[in-house]
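Visitor: So Swiss-Prot lists these for the protein:
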BINDING   22, 181, 182, 223, 224, 225, 226, 227, 228, 229  ATP binding site
BINDING   62, 149, 161  substrate binding site
DOMAIN    285-363  domain 'PUA'
């Protein structure tokens, strides 16, 4: 597809029938860590206007841990996982209660969906998420999505809601993604540095990633920084979805296509939602190293990974977990969902289908990774 102009991309955003908006913890809280009712109400009002004009709106909202640590007596976000998860369990209810009240003023119902990355890398759970979101939107509900911080493990998790929002945008076939943060736009360097310039338009986020100096986590109450937002914009771009990055106070103008923040152009036509989730939803748990012939077949697309072309297996994973497919050089060729547990694969290495069936049984005469569960990188 040809690269659209900035004005064209902003018109795409303004015309979006379905829009996904992500808001970070720091955009919803006071410096003390408590929820800021005024900020939350202002965001709800902006989203409600889009909904009342006939738009379909999905909100991906951080803030459960930030909402919970104040009421539990902590001065700042807890560092250990167990306390974070307990805090999220308290804070998620407080957060949703505020959203229900805020949207209720406009006669709009909200629905909570808590997701873990592990939920979404298996086909059945993935389809359940897709069906639930579609039905909520059909009913005029604003779905409010968050990673299930109370249950997600550090081993398999999104780690931030930026990436989750981009995946959700593809899942609901959104026409725009809006990332709301505590800065008004992307800058060429941290805004406090002399010479830093605001970037109004990014025609190709993939090419631009190496040209912009960004920092890590942006605040004491959130987990993401500008790096994760650029990654989200990249995921959206390769899904054919334009993205706007700006501060929460610009939510309304951003969704209306006004020249605020930074706008990122899509770089591809929309692809398969399922394959995008495999490619980006969760970090791989291990790797299967393949020989040159298998690598060439994988690169050609639409080829399953057969045991006959596999040389080594690394990591500890279960059937259905995401894994890398690596060349002998260590280059990542693809990501896919393993068809077998890591402990089963060594006995399968180098064997063809007939040998697997004869020596190990018919249950092993299947690909290590089926082509429908494989995505090139």
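Placement of Cβ uses the backbone N, Cα and C atoms for every residue, glycine included.
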Visitor: To the nearest whole angstrom, what is the C-alpha distance linking residue 62 (substrate binding site) and residue 226 (ATP binding site)?
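Guide: Given the Cα positions, residue 62 (substrate binding site) is 15 Å from residue 226 (ATP binding site).
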Visitor: Whole-number Å distance between the CA of residue 22 (ATP binding site) and the CA of residue 161 (substrate binding site)?
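Guide: Here the two Cα atoms are 7 Å apart.
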Visitor: Work out the three-state DSSP category of residue 62 (substrate binding site).
Guide: coil
Visitor: What does DSSP call residue 182 (ATP binding site) in the simple three-state scheme?
Guide: coil
Visitor: Let me check the 10 A CB neighbour count of residue 228 (ATP binding site). How many other CB atoms are there?
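Guide: The answer is 25 other Cβ atoms.
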Visitor: Roughly how many Å separate the Cα of residue 226 (ATP binding site) from that of residue 161 (substrate binding site), to the nearest whole number?
Guide: 12
